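Here is the structure we will look at.
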(Lines of atoms letter the chains of each structure in order from A and count residues from 1; the text may use other names and numbers.)
(Lines give C-alpha, C1' and ligand atoms only; values in the text may rest on other atoms or scores of the structure.)
Protein backbone atom coordinates (compact mmCIF):
# COMPACT_ATOMS: atom_id res chain seq x y z
CA UNK A 1 0.00 0.00 0.00
CA UNK A 2 2.82 2.38 0.91
CA UNK A 3 4.58 1.58 -2.35
CA UNK A 4 1.42 2.35 -4.29
CA UNK A 5 1.00 5.68 -2.52
CA UNK A 6 4.63 6.61 -3.25
CA UNK A 7 3.90 6.23 -6.96
CA UNK A 8 1.03 8.70 -6.72
CA UNK A 9 1.38 12.45 -7.21
CA UNK A 10 -0.49 14.13 -4.38
CA UNK A 11 -1.80 17.25 -6.09
CA UNK A 12 -2.43 15.84 -9.59
CA UNK A 13 -4.99 13.52 -11.18
CA UNK A 14 -5.09 11.50 -14.39
CA UNK A 15 -7.65 11.83 -17.18
CA UNK A 16 -10.12 9.70 -15.17
CA UNK A 17 -9.91 11.95 -12.11
CA UNK A 18 -7.94 9.44 -9.99
CA UNK A 19 -4.65 10.27 -8.31
CA UNK A 20 -1.98 10.44 -11.01
CA UNK A 21 0.41 7.46 -11.15
CA UNK A 22 3.98 8.73 -11.36
CA UNK A 23 5.06 5.79 -13.52
CA UNK A 24 2.28 6.21 -16.08
CA UNK A 25 1.78 9.98 -16.27
CA UNK A 26 3.87 13.12 -16.55
CA UNK A 27 7.56 13.52 -17.39
CA UNK A 28 9.29 14.57 -20.57
CA UNK A 29 7.14 12.67 -23.10
CA UNK A 30 3.83 14.44 -22.25
CA UNK A 31 5.73 17.74 -21.85
CA UNK A 32 7.14 17.30 -25.38
CA UNK A 33 3.62 16.76 -26.80
CA UNK A 34 2.56 20.02 -25.18
CA UNK A 35 5.60 21.84 -26.58
CA UNK A 36 4.59 20.76 -30.10
CA UNK A 37 1.60 23.13 -29.83
CA UNK A 38 3.97 25.93 -28.81
CA UNK A 39 6.22 25.39 -31.86
CA UNK A 40 3.24 25.71 -34.20
CA UNK A 41 1.91 28.75 -32.35
CA UNK A 42 5.27 30.47 -32.80
CA UNK A 43 5.43 29.38 -36.43
CA UNK A 44 2.07 31.04 -37.09
CA UNK A 45 2.35 34.18 -34.95
CA UNK A 46 5.96 35.07 -35.79
CA UNK A 47 5.66 33.94 -39.42
CA UNK A 48 2.89 36.51 -39.77
CA UNK A 49 4.37 39.27 -37.59
CA UNK A 50 7.95 39.48 -38.94
CA UNK A 51 6.85 39.91 -42.55
CA UNK A 52 3.50 41.62 -42.10
CA UNK A 53 4.94 45.14 -42.33
CA UNK A 54 6.22 44.45 -45.88
CA UNK A 55 2.73 43.26 -46.89
CA UNK A 56 1.05 46.31 -45.37
CA UNK A 57 3.47 48.75 -47.04
CA UNK A 58 3.99 46.94 -50.35
CA UNK A 59 0.57 45.40 -51.02
CA UNK A 60 -1.95 47.28 -48.85
CA UNK A 61 -0.06 50.59 -49.41
CA UNK A 62 -0.19 51.82 -45.81
CA UNK A 63 2.30 54.45 -44.54
CA UNK A 64 5.40 53.19 -42.73
CA UNK A 65 4.47 54.27 -39.19
CA UNK A 66 0.86 53.06 -39.54
CA UNK A 67 2.09 49.67 -40.77
CA UNK A 68 4.41 49.35 -37.77
CA UNK A 69 1.52 50.15 -35.44
CA UNK A 70 -0.74 47.53 -37.07
CA UNK A 71 1.92 44.89 -36.37
CA UNK A 72 2.58 45.98 -32.78
CA UNK A 73 -1.15 46.28 -32.02
CA UNK A 74 -1.69 42.75 -33.37
CA UNK A 75 1.14 41.35 -31.23
CA UNK A 76 0.07 43.40 -28.22
CA UNK A 77 -3.50 42.12 -28.40
CA UNK A 78 -2.25 38.53 -28.75
CA UNK A 79 -0.41 38.72 -25.44
CA UNK A 80 -3.06 40.83 -23.68
CA UNK A 81 -5.62 38.11 -24.37
CA UNK A 82 -3.44 35.77 -22.32
CA UNK A 83 -5.21 37.22 -19.29
CA UNK A 84 -8.53 36.02 -20.71
CA UNK A 85 -7.06 32.60 -21.40
CA UNK A 86 -5.62 32.41 -17.88
CA UNK A 87 -8.93 33.40 -16.31
CA UNK A 88 -10.86 30.76 -18.28
CA UNK A 89 -8.27 28.08 -17.49
CA UNK A 90 -8.24 28.80 -13.75
CA UNK A 91 -11.98 29.34 -13.33
CA UNK A 92 -13.81 27.09 -15.78
CA UNK A 93 -12.00 25.06 -18.43
CA UNK A 94 -8.69 23.92 -16.95
CA UNK A 95 -5.42 24.19 -18.87
CA UNK A 96 -5.94 21.12 -21.07
CA UNK A 97 -9.28 22.22 -22.54
CA UNK A 98 -8.12 25.85 -22.82
CA UNK A 99 -5.13 24.81 -24.95
CA UNK A 100 -7.24 22.52 -27.16
CA UNK A 101 -10.05 25.04 -27.77
CA UNK A 102 -7.88 28.08 -28.48
CA UNK A 103 -5.47 26.10 -30.67
CA UNK A 104 -8.48 25.35 -32.91
CA UNK A 105 -9.36 29.08 -32.89
CA UNK A 106 -5.86 29.99 -34.04
CA UNK A 107 -5.97 27.36 -36.79
CA UNK A 108 -9.26 28.91 -38.03
CA UNK A 109 -7.64 32.37 -37.99
CA UNK A 110 -4.62 31.32 -40.07
CA UNK A 111 -6.93 29.50 -42.49
CA UNK A 112 -8.98 32.68 -42.91
CA UNK A 113 -5.81 34.76 -43.41
CA UNK A 114 -4.70 32.36 -46.13
CA UNK A 115 -7.96 32.97 -47.99
CA UNK A 116 -7.81 36.74 -47.33
CA UNK A 117 -4.34 37.12 -48.89
CA UNK A 118 -5.33 34.90 -51.83
CA UNK A 119 -8.37 36.81 -53.11
CA UNK A 120 -7.52 39.90 -55.26
CA UNK A 121 -10.79 41.57 -54.20
CA UNK A 122 -9.38 41.88 -50.66
CA UNK A 123 -6.36 44.01 -51.59
CA UNK A 124 -5.93 47.27 -53.56
CA UNK A 125 -4.69 47.40 -57.14
CA UNK A 126 -0.89 47.46 -57.66
CA UNK A 127 0.80 50.87 -57.75
CA UNK A 128 0.80 52.74 -61.06
CA UNK A 129 4.47 53.21 -61.90
CA UNK A 130 3.91 54.51 -65.45
CA UNK A 131 3.92 58.14 -64.34
CA UNK A 132 6.91 60.12 -63.05
CA UNK A 133 5.57 59.84 -59.52
CA UNK A 134 4.48 56.42 -58.28
CA UNK A 135 0.71 56.41 -57.57
CA UNK A 136 -0.60 53.94 -54.99
CA UNK A 137 -4.18 53.42 -53.82
CA UNK A 138 -4.42 52.60 -50.12
CA UNK A 139 -6.54 49.62 -48.99
CA UNK A 140 -10.15 50.58 -48.25
CA UNK A 141 -12.03 50.01 -45.02
CA UNK A 142 -13.62 46.73 -46.11
CA UNK A 143 -10.30 45.22 -47.20
CA UNK A 144 -8.61 46.25 -43.96
CA UNK A 145 -11.60 45.04 -41.95
CA UNK A 146 -11.35 41.49 -43.33
CA UNK A 147 -7.58 41.51 -42.72
CA UNK A 148 -8.10 42.71 -39.13
CA UNK A 149 -10.74 40.02 -38.52
CA UNK A 150 -8.27 37.32 -39.58
CA UNK A 151 -5.42 38.78 -37.52
CA UNK A 152 -7.43 39.21 -34.34
CA UNK A 153 -8.92 35.74 -34.59
CA UNK A 154 -5.31 34.51 -34.59
CA UNK A 155 -4.58 36.85 -31.66
CA UNK A 156 -7.49 35.34 -29.69
CA UNK A 157 -6.19 31.83 -30.30
CA UNK A 158 -2.64 32.80 -29.37
CA UNK A 159 -3.68 34.52 -26.17
CA UNK A 160 -5.91 31.67 -25.07
CA UNK A 161 -3.45 28.82 -25.52
CA UNK A 162 -0.24 30.66 -24.65
CA UNK A 163 -1.33 31.40 -21.08
CA UNK A 164 -1.71 27.69 -20.34
CA UNK A 165 1.04 25.94 -22.34
CA UNK A 166 3.93 26.66 -19.95
CA UNK A 167 1.79 26.01 -16.86
CA UNK A 168 0.44 22.71 -18.23
CA UNK A 169 4.00 21.75 -19.16
CA UNK A 170 5.25 22.30 -15.60
CA UNK A 171 2.23 20.34 -14.29
CA UNK A 172 3.91 17.26 -15.77
CA UNK A 173 6.68 17.51 -13.15
CA UNK A 174 6.26 17.06 -9.39
CA UNK A 175 8.16 19.77 -7.51
CA UNK A 176 8.10 17.59 -4.37
CA UNK A 177 10.20 14.92 -6.12
CA UNK A 178 13.88 15.90 -6.34
CA UNK A 179 14.47 14.18 -9.68
CA UNK A 180 11.41 15.76 -11.32
CA UNK A 181 12.16 19.12 -9.72
CA UNK A 182 15.58 19.10 -11.41
CA UNK A 183 13.89 18.24 -14.73
CA UNK A 184 11.54 21.19 -14.28
CA UNK A 185 14.53 23.55 -13.97
CA UNK A 186 15.66 22.48 -17.44
CA UNK A 187 12.09 22.64 -18.77
CA UNK A 188 12.09 26.46 -18.79
CA UNK A 189 15.18 26.64 -21.03
CA UNK A 190 13.89 23.90 -23.31
CA UNK A 191 10.46 25.50 -23.45
CA UNK A 192 12.07 28.67 -24.78
CA UNK A 193 14.29 26.60 -27.10
CA UNK A 194 11.13 25.15 -28.67
CA UNK A 195 9.67 28.67 -28.99
CA UNK A 196 12.86 29.80 -30.73
CA UNK A 197 12.83 26.76 -33.03
CA UNK A 198 9.32 27.67 -34.16
CA UNK A 199 10.41 31.28 -34.66
CA UNK A 200 13.48 30.13 -36.65
CA UNK A 201 11.29 28.13 -39.02
CA UNK A 202 8.97 31.15 -39.29
CA UNK A 203 11.65 33.71 -40.23
CA UNK A 204 13.46 31.42 -42.68
CA UNK A 205 11.29 28.82 -44.39
CA UNK A 206 7.91 30.52 -43.91
CA UNK A 207 9.07 34.02 -44.89
CA UNK A 208 10.81 32.60 -47.98
CA UNK A 209 7.58 30.85 -49.00
CA UNK A 210 5.64 34.10 -48.45
CA UNK A 211 7.99 36.09 -50.71
CA UNK A 212 8.80 33.51 -53.39
CA UNK A 213 5.74 31.21 -53.56
CA UNK A 214 2.84 33.15 -52.05
CA UNK A 215 1.56 34.34 -48.70
CA UNK A 216 -1.60 32.30 -48.92
CA UNK A 217 0.43 29.09 -49.26
CA UNK A 218 2.58 30.02 -46.26
CA UNK A 219 -0.46 30.75 -44.07
CA UNK A 220 -2.13 27.51 -45.22
CA UNK A 221 0.97 25.64 -43.99
CA UNK A 222 0.54 27.35 -40.60
CA UNK A 223 -3.09 26.22 -40.45
CA UNK A 224 -2.32 22.61 -41.37
CA UNK A 225 0.66 22.38 -38.98
CA UNK A 226 -1.48 23.63 -36.09
CA UNK A 227 -4.20 21.08 -36.86
CA UNK A 228 -1.57 18.31 -36.83
CA UNK A 229 -0.15 19.66 -33.54
CA UNK A 230 -3.66 19.57 -32.02
CA UNK A 231 -4.03 15.89 -32.95
CA UNK A 232 -0.60 15.14 -31.44
CA UNK A 233 -1.56 17.06 -28.29
CA UNK A 234 -4.83 15.15 -27.92
CA UNK A 235 -2.99 11.85 -28.35
CA UNK A 236 -1.31 12.43 -24.98
CA UNK A 237 -4.59 12.78 -23.04
CA UNK A 238 -4.03 9.52 -21.11
CA UNK A 239 -0.44 10.48 -20.23
CA UNK A 240 -1.00 13.99 -18.87
CA UNK A 241 -1.22 15.02 -15.23
CA UNK A 242 -4.04 17.43 -14.45
CA UNK A 243 -4.03 19.85 -11.53
CA UNK A 244 -7.33 20.58 -9.82
CA UNK A 245 -8.50 24.16 -10.19
CA UNK A 246 -8.51 26.17 -6.96
CA UNK A 247 -11.05 28.62 -8.37
CA UNK A 248 -10.58 32.02 -9.96
CA UNK A 249 -7.51 33.83 -8.57
CA UNK A 250 -9.11 37.15 -9.51
CA UNK A 251 -12.05 36.35 -7.20
CA UNK A 252 -9.63 35.34 -4.43
CA UNK A 253 -7.75 38.63 -4.75
CA UNK A 254 -10.97 40.63 -4.69
CA UNK A 255 -12.16 38.75 -1.59
CA UNK A 256 -9.01 39.73 0.31
CA UNK A 257 -9.26 43.37 -0.78
CA UNK A 258 -12.99 43.62 0.08
CA UNK A 259 -12.56 41.91 3.46
CA UNK A 260 -9.60 44.13 4.37
CA UNK A 261 -11.43 47.29 3.30
CA UNK A 262 -14.52 46.39 5.31
CA UNK A 263 -12.39 45.98 8.46
CA UNK A 264 -10.11 48.96 8.00
CA UNK A 265 -11.31 50.53 11.31
CA UNK A 266 -10.63 47.39 13.38
CA UNK A 267 -7.57 47.22 15.63
CA UNK A 268 -4.86 44.67 14.91
CA UNK A 269 -4.68 41.76 17.40
CA UNK A 270 -1.92 41.70 20.03
CA UNK A 271 -0.02 39.02 18.11
CA UNK A 272 -0.19 37.09 14.86
CA UNK A 273 -1.55 33.92 16.46
CA UNK A 274 -4.99 35.56 16.66
CA UNK A 275 -5.25 36.01 12.88
CA UNK A 276 -7.55 33.53 11.13
CA UNK A 277 -5.93 30.51 9.47
CA UNK A 278 -7.72 27.39 8.23
CA UNK A 279 -5.20 25.93 5.78
CA UNK A 280 -3.45 22.62 6.55
CA UNK A 281 -0.06 23.05 8.20
CA UNK A 282 1.82 21.66 5.19
CA UNK A 283 0.32 24.16 2.73
CA UNK A 284 0.45 27.30 4.88
CA UNK A 285 2.44 30.34 3.76
CA UNK A 286 4.43 32.16 6.45
CA UNK A 287 3.17 35.61 7.36
CA UNK A 288 5.21 38.56 6.06
CA UNK A 289 5.36 42.19 7.18
CA UNK A 290 4.71 43.90 3.84
CA UNK A 291 1.23 45.25 2.94
CA UNK A 292 -0.01 44.89 6.51
CA UNK A 293 -3.28 46.63 5.75
CA UNK A 294 -4.34 43.43 3.96
CA UNK A 295 -3.86 41.47 7.21
CA UNK A 296 -7.10 43.02 8.49
CA UNK A 297 -8.93 40.56 6.23
CA UNK A 298 -7.84 37.83 8.70
CA UNK A 299 -9.12 39.60 11.85
CA UNK A 300 -12.05 37.60 13.24
CA UNK A 301 -15.19 39.59 14.05
CA UNK A 302 -18.91 39.12 14.54
CA UNK A 303 -20.87 38.44 11.39
CA UNK A 304 -17.96 36.76 9.57
CA UNK A 305 -19.70 33.38 9.46
CA UNK A 306 -22.64 32.49 7.26
CA UNK A 307 -25.11 29.81 8.40
CA UNK A 308 -25.99 26.92 6.09
CA UNK A 309 -28.60 24.81 7.83
CA UNK A 310 -27.10 23.48 11.04
CA UNK A 311 -23.51 24.40 10.13
CA UNK A 312 -21.73 27.70 9.68
CA UNK A 313 -18.62 28.60 7.73
CA UNK A 314 -16.63 31.81 7.19
CA UNK A 315 -17.88 34.11 4.44
CA UNK A 316 -14.79 34.47 2.15
CA UNK A 317 -15.80 38.08 1.38
CA UNK A 318 -15.60 38.95 5.09
CA UNK A 319 -12.87 36.68 6.50
CA UNK A 320 -9.79 35.35 4.70
CA UNK A 321 -7.02 33.10 5.94
CA UNK A 322 -3.46 34.33 6.43
CA UNK A 323 -2.37 31.99 3.62
CA UNK A 324 -4.91 33.47 1.20
CA UNK A 325 -3.71 36.99 2.15
CA UNK A 326 -0.08 35.97 1.65
CA UNK A 327 -0.95 34.66 -1.81
CA UNK A 328 -2.24 38.12 -2.71
CA UNK A 329 0.92 39.68 -1.27
CA UNK A 330 3.01 37.34 -3.45
CA UNK A 331 1.19 38.59 -6.54
CA UNK A 332 1.68 42.24 -5.50
CA UNK A 333 5.43 41.65 -5.10
CA UNK A 334 5.61 40.61 -8.76
CA UNK A 335 4.34 43.99 -9.97
CA UNK A 336 7.52 46.16 -9.74
CA UNK A 337 9.54 43.63 -11.76
CA UNK A 338 6.56 43.23 -14.10
CA UNK A 339 6.48 47.00 -14.75
CA UNK A 340 10.22 47.32 -15.40
CA UNK A 341 10.30 44.54 -18.02
CA UNK A 342 7.68 46.11 -20.31
CA UNK A 343 10.14 48.39 -22.12
CA UNK A 344 12.27 45.46 -23.30
CA UNK A 345 9.39 44.28 -25.46
CA UNK A 346 9.01 47.78 -26.91
CA UNK A 347 12.59 47.40 -28.13
CA UNK A 348 11.82 43.90 -29.38
CA UNK A 349 8.96 45.38 -31.42
CA UNK A 350 11.45 47.46 -33.40
CA UNK A 351 13.20 44.28 -34.54
CA UNK A 352 10.09 43.07 -36.39
CA UNK A 353 8.92 46.43 -37.70
CA UNK A 354 11.37 49.26 -38.44
CA UNK A 355 14.41 46.97 -38.60
CA UNK A 356 12.68 44.85 -41.25
CA UNK A 357 11.77 48.02 -43.16
CA UNK A 358 15.41 49.14 -42.92
CA UNK A 359 16.43 45.83 -44.46
CA UNK A 360 14.15 46.37 -47.49
CA UNK A 361 16.25 49.41 -48.50
CA UNK A 362 19.65 47.69 -48.18
CA UNK A 363 21.75 45.30 -50.25
CA UNK A 364 20.54 41.78 -49.37
CA UNK A 365 22.15 39.63 -52.05
CA UNK A 366 24.50 36.70 -51.46
CA UNK A 367 25.62 35.79 -54.97
CA UNK A 368 22.44 35.27 -56.98
CA UNK A 369 20.28 34.68 -53.88
CA UNK A 370 18.46 37.62 -52.29
CA UNK A 371 17.63 37.32 -48.61
CA UNK A 372 13.97 38.20 -47.88
CA UNK A 373 13.85 41.27 -45.63
CA UNK A 374 11.73 39.44 -43.04
CA UNK A 375 14.28 36.61 -42.88
CA UNK A 376 16.93 38.94 -41.48
CA UNK A 377 15.45 38.16 -38.07
CA UNK A 378 17.15 34.76 -38.44
CA UNK A 379 20.15 36.46 -36.83
CA UNK A 380 17.87 37.49 -33.99
CA UNK A 381 16.67 33.92 -33.48
CA UNK A 382 20.19 32.57 -34.02
CA UNK A 383 21.42 34.79 -31.17
CA UNK A 384 18.69 33.36 -28.93
CA UNK A 385 19.58 29.75 -29.74
CA UNK A 386 23.33 30.34 -29.36
CA UNK A 387 22.81 32.13 -26.04
CA UNK A 388 20.57 29.34 -24.72
CA UNK A 389 23.05 26.67 -25.82
CA UNK A 390 26.03 28.46 -24.23
CA UNK A 391 24.08 29.09 -21.03
CA UNK A 392 22.74 25.51 -20.82
CA UNK A 393 26.01 23.72 -21.69
CA UNK A 394 28.69 26.06 -20.36
CA UNK A 395 27.49 28.72 -17.92
CA UNK A 396 25.14 26.50 -15.86
CA UNK A 397 27.71 23.68 -15.33
CA UNK A 398 30.45 26.22 -14.49
CA UNK A 399 28.29 28.02 -11.92
CA UNK A 400 27.21 24.70 -10.43
CA UNK A 401 30.83 23.61 -10.09
CA UNK A 402 32.09 27.00 -8.88
CA UNK A 403 29.27 28.21 -6.61
CA UNK A 404 27.01 25.16 -6.33
CA UNK A 405 24.15 27.01 -8.11
CA UNK A 406 22.00 25.95 -11.08
CA UNK A 407 22.93 29.10 -13.03
CA UNK A 408 21.95 32.74 -12.69
CA UNK A 409 18.88 33.55 -10.61
CA UNK A 410 15.75 34.61 -12.48
CA UNK A 411 16.25 38.26 -11.48
CA UNK A 412 19.88 38.19 -12.62
CA UNK A 413 18.82 36.84 -16.01
CA UNK A 414 16.21 39.58 -16.36
CA UNK A 415 18.82 42.22 -15.49
CA UNK A 416 21.28 40.84 -18.07
CA UNK A 417 18.52 40.90 -20.71
CA UNK A 418 17.66 44.53 -19.96
CA UNK A 419 21.35 45.55 -20.13
CA UNK A 420 21.78 43.84 -23.51
CA UNK A 421 18.67 45.64 -24.83
CA UNK A 422 20.27 49.01 -24.01
CA UNK A 423 23.38 48.01 -26.00
CA UNK A 424 21.15 46.74 -28.80
CA UNK A 425 19.46 50.12 -29.21
CA UNK A 426 22.82 51.91 -29.20
CA UNK A 427 24.01 49.56 -31.97
CA UNK A 428 20.73 50.15 -33.88
CA UNK A 429 21.12 53.94 -33.67
CA UNK A 430 24.72 53.79 -34.95
CA UNK A 431 23.78 51.44 -37.82
CA UNK A 432 20.83 53.63 -38.86
CA UNK A 433 22.99 56.77 -38.84
CA UNK A 434 25.38 54.99 -41.20
CA UNK A 435 22.51 53.85 -43.46
CA UNK A 436 21.04 57.38 -43.60
CA UNK A 437 24.41 58.88 -44.56
CA UNK A 438 24.57 56.44 -47.49
CA UNK A 439 20.95 57.21 -48.40
CA UNK A 440 21.56 60.95 -48.53
CA UNK A 441 24.72 60.53 -50.53
CA UNK A 442 23.03 58.28 -53.08
CA UNK A 443 19.80 60.27 -53.42
CA UNK A 444 18.14 57.20 -51.99
CA UNK A 445 14.55 58.30 -51.91
CA UNK A 446 14.25 58.41 -55.70
CA UNK A 447 16.40 55.36 -56.14
CA UNK A 448 14.33 53.30 -53.74
CA UNK A 449 11.11 54.19 -55.54
CA UNK A 450 12.74 53.11 -58.76
CA UNK A 451 13.24 49.60 -57.38
CA UNK A 452 16.97 49.79 -56.57
CA UNK A 453 18.62 49.40 -53.18
CA UNK A 454 21.17 51.37 -51.20
CA UNK A 455 24.85 50.46 -51.60
CA UNK A 456 25.18 49.29 -47.99
CA UNK A 457 25.08 45.68 -46.77
CA UNK A 458 22.11 44.50 -44.74
CA UNK A 459 24.59 42.75 -42.44
CA UNK A 460 25.22 46.18 -40.90
CA UNK A 461 22.06 45.46 -38.88
CA UNK A 462 23.37 42.19 -37.40
CA UNK A 463 24.73 43.68 -34.11
CA UNK A 464 21.33 45.06 -33.08
CA UNK A 465 19.61 41.76 -33.86
CA UNK A 466 22.26 39.78 -32.02
CA UNK A 467 22.29 41.93 -28.87
CA UNK A 468 18.50 42.15 -28.52
CA UNK A 469 18.17 38.44 -29.39
CA UNK A 470 20.66 37.46 -26.68
CA UNK A 471 18.81 39.78 -24.32
CA UNK A 472 15.52 38.01 -25.09
CA UNK A 473 17.08 34.61 -24.31
CA UNK A 474 17.93 35.84 -20.80
CA UNK A 475 14.86 37.94 -20.08
CA UNK A 476 12.21 35.51 -21.38
CA UNK A 477 13.53 32.52 -19.42
CA UNK A 478 14.13 34.76 -16.39
CA UNK A 479 10.61 36.21 -16.50
CA UNK A 480 8.96 32.83 -17.05
CA UNK A 481 10.89 31.33 -14.12
CA UNK A 482 10.24 34.37 -11.90
CA UNK A 483 6.49 34.58 -12.51
CA UNK A 484 5.86 30.84 -12.18
CA UNK A 485 8.10 30.07 -9.18
CA UNK A 486 7.22 33.22 -7.19
CA UNK A 487 3.47 32.94 -7.54
CA UNK A 488 1.06 30.83 -5.44
CA UNK A 489 0.28 27.37 -6.83
CA UNK A 490 -3.35 28.25 -7.49
CA UNK A 491 -2.40 31.40 -9.42
CA UNK A 492 0.30 30.08 -11.78
CA UNK A 493 -1.81 30.42 -14.92
CA UNK A 494 -2.75 33.97 -13.93
CA UNK A 495 0.89 34.82 -13.19
CA UNK A 496 1.89 33.42 -16.60
CA UNK A 497 -0.76 35.67 -18.13
CA UNK A 498 0.63 38.56 -16.09
CA UNK A 499 4.11 37.85 -17.48
CA UNK A 500 2.78 37.75 -21.05
CA UNK A 501 1.05 41.11 -20.56
CA UNK A 502 4.55 42.64 -20.35
CA UNK A 503 4.92 41.63 -24.00
CA UNK A 504 1.48 43.01 -24.76
CA UNK A 505 2.07 46.36 -23.07
CA UNK A 506 5.52 46.57 -24.64
CA UNK A 507 3.98 46.36 -28.11
CA UNK A 508 1.24 48.85 -27.23
CA UNK A 509 3.86 51.19 -25.76
CA UNK A 510 5.73 50.95 -29.06
CA UNK A 511 2.58 52.00 -30.93
CA UNK A 512 2.07 54.86 -28.48
CA UNK A 513 5.68 56.09 -28.76
CA UNK A 514 5.58 55.88 -32.56
CA UNK A 515 2.38 57.95 -32.66
CA UNK A 516 3.71 60.54 -30.19
CA UNK A 517 7.10 60.87 -31.90
CA UNK A 518 5.49 61.11 -35.34
CA UNK A 519 3.13 63.84 -34.08
CA UNK A 520 5.82 65.87 -32.28
CA UNK A 521 8.49 65.64 -34.99
CA UNK A 522 6.32 65.39 -38.13
CA UNK A 523 6.45 69.02 -39.22
CA UNK A 524 4.48 70.40 -42.17
CA UNK A 525 5.37 67.63 -44.62
CA UNK A 526 4.94 64.73 -42.20
CA UNK A 527 8.56 63.61 -42.37
CA UNK A 528 10.22 64.09 -38.98
CA UNK A 529 11.94 61.17 -37.23
CA UNK A 530 9.46 58.55 -38.50
CA UNK A 531 8.78 59.62 -42.07
CA UNK A 532 6.59 57.61 -44.43
CA UNK A 533 9.78 56.99 -46.41
CA UNK A 534 12.41 56.08 -43.79
CA UNK A 535 15.17 57.48 -46.04
CA UNK A 536 13.70 60.94 -45.33
CA UNK A 537 13.39 60.37 -41.57
CA UNK A 538 15.64 60.19 -38.51
CA UNK A 539 15.00 56.70 -37.23
CA UNK A 540 18.38 56.85 -35.50
CA UNK A 541 17.05 59.56 -33.16
CA UNK A 542 14.11 57.31 -32.27
CA UNK A 543 16.54 54.49 -31.45
CA UNK A 544 18.63 56.85 -29.27
CA UNK A 545 15.45 57.81 -27.41
CA UNK A 546 14.72 54.12 -26.73
CA UNK A 547 18.32 53.57 -25.58
CA UNK A 548 18.04 56.39 -23.01
CA UNK A 549 14.64 55.19 -21.77
CA UNK A 550 15.99 51.64 -21.49
CA UNK A 551 18.98 52.76 -19.42
CA UNK A 552 16.65 54.59 -16.99
CA UNK A 553 14.39 51.52 -16.89
CA UNK A 554 17.38 49.28 -16.05
CA UNK A 555 18.09 51.45 -12.99
CA UNK A 556 14.45 51.17 -11.93
CA UNK A 557 14.62 47.38 -12.30
CA UNK A 558 17.68 47.13 -10.03
CA UNK A 559 15.80 49.03 -7.31
CA UNK A 560 12.68 46.87 -7.82
CA UNK A 561 14.64 43.62 -7.70
CA UNK A 562 16.16 44.62 -4.34
CA UNK A 563 12.69 45.40 -2.96
CA UNK A 564 11.01 42.24 -4.28
CA UNK A 565 12.40 39.90 -1.61
CA UNK A 566 9.70 39.59 1.09
CA UNK A 567 10.42 40.52 4.71
CA UNK A 568 9.34 37.67 6.96
CA UNK A 569 7.90 38.22 10.41
CA UNK A 570 10.43 37.60 13.15
CA UNK A 571 8.15 35.57 15.39
CA UNK A 572 4.59 34.43 15.75
CA UNK A 573 4.16 36.61 18.80
CA UNK A 574 5.18 39.78 16.99
CA UNK A 575 2.98 42.74 17.90
CA UNK A 576 1.59 45.33 15.50
CA UNK A 577 2.18 49.00 16.06
CA UNK A 578 -0.60 51.54 15.72
CA UNK A 579 1.06 52.96 12.60
CA UNK A 580 1.25 49.69 10.63
CA UNK A 581 0.15 50.47 7.09
CA UNK A 582 0.57 49.15 3.57
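Here, residue 1 is simply the first one shown, and the rest follow in order.
Even glycines carry a Cβ here, placed using N, Cα and C.
Where the annotation comes from TrEMBL, it is an automatic prediction and has not been curated.
Note that this is a predicted model, so its numbers are computed, not measured.
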Do you know which of 306-326, 411-431 TrEMBL annotates as transmembrane segment? 411-431
State the residue range annotated as transmembrane segment by TrEMBL; the candidates are 434-454, 497-517. 497-517
Can you work out whether the transmembrane segment (411-431) touches the transmembrane segment (542-564), with the criterion being 3+ CB pairs under 8 Å where the paired residues are 6 or more apart along the chain? yes
May I ask you to check whether the transmembrane segment (95-115) and the transmembrane segment (216-234) make contact, with contact taken as at least three Cβ pairs under 8 Å and only pairs 6 or more apart in sequence counted? yes
Highest Cβ pair tally under 8 Å against the transmembrane segment (542-564), stretches 334-351, 456-476, 497-517, lands on 334-351
Taking contact to mean 3 or more CB pairs closer than 8 A (sequence separation of 6 or more), are the transmembrane segment (191-210) and the transmembrane segment (371-391) in contact? yes
Return yes if the transmembrane segment (70-89) and the transmembrane segment (497-517) have at least 3 CB pairs under 8 Å (sequence gap of 6 or more), otherwise no. yes
Spatial neighbours of the transmembrane segment (371-391) not adjacent in sequence (6+ beyond its ends, CB under 8 Å) are 50-51, 54, 189, 192-193, 196-197, 199-200, 203-204, 207-208, 210-212, 351-352, 355-357, 359-360, 364-365, 407, 458, 461-462, 465-470, 472-474, 477
